[in-house]
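Listed in TrEMBL:
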- 7-198: domain 'L-asparaginase N-terminal' (DOMAIN)
- THR15: active site, O-isoaspartyl threonine intermediate (ACT_SITE)
- THR15: active site (ACT_SITE)
- SER63, THR96, ASP97: substrate binding site (BINDING)
- THR96: active site (ACT_SITE)
- 220-321: domain 'Asparaginase/glutaminase C-terminal' (DOMAIN)
Amino acid sequence: MSSLPTIAILATGGTIAGSADDSASAARYRAGAVPIDQLLAASKLGLERVANVRAEQVAQIDSKDLTFDVWERLVARIRHWIEVERVDGVVITHGTDTLEETAMLLHLVVQTDVPIVMTAAMRPSTSLSADGPLNLLNAVRAAANPASRGRGVLVALNQRVHAARDVQKGHTYAVEAFVSPETGPLGFVLDASVQYRRATRLPDAADVLPMPPAGQWPWVEVLSSYAQPDARLVDTLVAAGVRGLVIAATGAGSVHVNLEAALQQAAKQGVIVLRSTRTGAGVVPAHPDGQGWASSGTLNPYKARVLLMLLIAADRAQAETASLQQVIDRY
């Protein structure tokens, strides 16, 4: 129907397209096994009553194996569908394992009023009580709803709508696996109703970051602080040419004394060190003395890594801690 909005569904694989030999199995399955055209043909979602859907298979992977080239293709196709095809919204199906990283990337590099809604599933498509069909329907409903315009990249799962910056996976197998620890969801989808309860924090136009040139992503790793860590891990990475290190620190950003000297030396050699926390929630405040390291605020280590890679690639990762902290705080 021409009066309905046009929504592009960009599929990347994941559990939502997973297939198992046993319908009672929710743990043993092949992620990304079902192409998007087959997934839509087999479903009885009634999408035709919500939108004119156009689907494209961008990738077909288990999201644990996500790579930079998948990100590059995905961003390029999002821009094509919005800028060339002029669709009214974009839905992205994705694996849950790294969804929060892709969500963060899109939050940082794509600026548009057109709704972009990510969705996924915790159970494969062949499972009893599969959660993917309703998640996909609700994602299309959210993307087709005018209230979603100008809210940035959204994540629709389990009838809730989250902001891409804030959402993260918080459970290994539960259907309600995704949370936004510090903010809560933006809103919810109930039947055909999409309702929002708070605004979205978006980067200013001047802060939208460019995608790195293909194959030129800066090398940034995540290291953890724990009992008796070995500083040789830091030394080895620095010697090998790492550009940035995100520390999944204990508590509110504390780092084991065994790592401190090596990280301070790394910072002196030009490696950007960013402190986050391994706790899964909370803010990492900036240290008064800086220690040569900036803080990620409420970003978990994996989202902080995405931000740091893009900042380094764009030459916006200031070596001086206070300046870098001001940049980080804008996101």
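Glycine residues also receive a Cβ, built from the backbone N, Cα and C atoms like all the rest.
All features noted in TrEMBL, drawn onto the structure.
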residue : record                                            : Cβ within 10 Å
THR15   : active site, O-isoaspartyl threonine intermediate : 28
SER63   : substrate binding site                            : 23
THR96   : substrate binding site                            : 22
ASP97   : substrate binding site                            : 17
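Within the domain 'Asparaginase/glutaminase C-terminal' (220-321), the DSSP-based counts of helix, strand and coil residues read 35 helix, 23 strand, 44 coil.
Excluding SER63, THR96, ASP97, which define the substrate site, the same chain contributes GLY14, THR15, ALA31, ASP62, LYS64, LEU66, HIS94, GLY95, THR98, LEU99, ALA120, LYS169 within 8 Å (Cβ to the Cβ centroid), listed in sequence order.
Among SER63, THR96, ASP97, the residues given in the record as binding substrate, the maximal Cα to Cα distance rounds to 7 Å. In the predicted model, the domain 'Asparaginase/glutaminase C-terminal' (220-321) has a mean pLDDT of 94. The secondary structure of THR96 (substrate binding site), as reduced to three states from DSSP, is coil rather than helix or strand. For THR96 (substrate binding site) paired with THR15 (active site, O-isoaspartyl threonine intermediate), the C-alpha to C-alpha distance reads 7 Å.
DSSP assigns THR15 (active site, O-isoaspartyl threonine intermediate) to a helix in the three-state reduction.
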